[in-house]
Amino acid sequence: MEANVTIPIWQNKPHGAARSVVRRIGTNLPLKPCPRASFETLPNISDLCLKDVPPVPTLADIAWIAADEEETYARVRSDTRPLRHTWKPSPLIVMQRNASVPNLRGSEERLLALKKPALPALSRTTELQDELSHLRSQIAKIVAADAASASLTPDFLSSGSSNVSSPLPCFGSSFHSTTSFVISDITEETEVEVPELPTIPLLCSASPECCKSEHKTTCSSSEEDDCISLSKASSFADMMGILKDFHRIKQSQDLSRSLLKEEDPAVLISEVLRRKFALKEEDISRKGN
């Protein structure tokens, strides 16, 4: 009998007292022995210097086990590795995994990657949302500035403020100039630009009766004239301060209302769009008439 022929276990002793139930079943049933497992071994394993180790391939010589990821404990018998962390694979292990053997670790990593939340995607979405909100606020500021410059007309002052400024026509231009600025341009420096207070002769030219009475008093005594002129100037300055206070209160009220509207960019944009469409409708109606 040849050496390569495999002999089933039930054919060793065809008869005798040592025959068991397994041998009896094997002789009666058409069973075949399982084929031997064949592994892919490293090439030229017989040429390696194995010292006293017999050149018989074992599981340590199988290529796909030695080259597997994170399996530093698996090594070829020809390698000399005293420690695991200092191990480097030999050039003979650069081989592909056997296609018949499934790579379970790779499938597990893919499943874990699918189960984990997409943190980079979430961070990107949050960054995009922040950038969009910043851009929306900038657009709202620009639109509000344009709308303020377009809507600040002479009608900005109400009837009360126009009545207050009516006895002083020389200051109407200054009040009208302050309304043409944007909200951010209205500062305390605008008060410096108010023209100088008119002198007493201007007041006399405005009211001739007052000039006659003052002329009589000046003829009486120069000291009384100085006192009266000082009292007139102080009363006029007090009147100007009161007018400035009225105008400042009016501006603060209008600014507070506009600032409340400026808090929400969406409200500003919708208001500007509403005005724009209203102007378009007015133009269309005028053209139609």
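Quick reminder: no glycine exception, Cβ is built from N, Cα and C everywhere.
Quick look at what Swiss-Prot lists:
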type    : residues : note
MOD_RES : THR27    : phosphothreonine
MOD_RES : SER38    : phosphoserine
MOD_RES : SER100   : phosphoserine
MOD_RES : SER107   : phosphoserine
MOD_RES : SER221   : phosphoserine
MOD_RES : SER222   : phosphoserine
MOD_RES : SER235   : phosphoserine
MOD_RES : SER258   : phosphoserine
MOD_RES : SER270   : phosphoserine
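Counting only the Cα atoms, the space from SER270 (phosphoserine) to THR27 (phosphothreonine) is about 94 angstrom.
The residue listed as 'phosphothreonine' carries a helical DSSP state (H, G or I). For SER270 (phosphoserine), the count of additional Cβ atoms within 10 Å of its Cβ stands at 11 [all protein chains shown].
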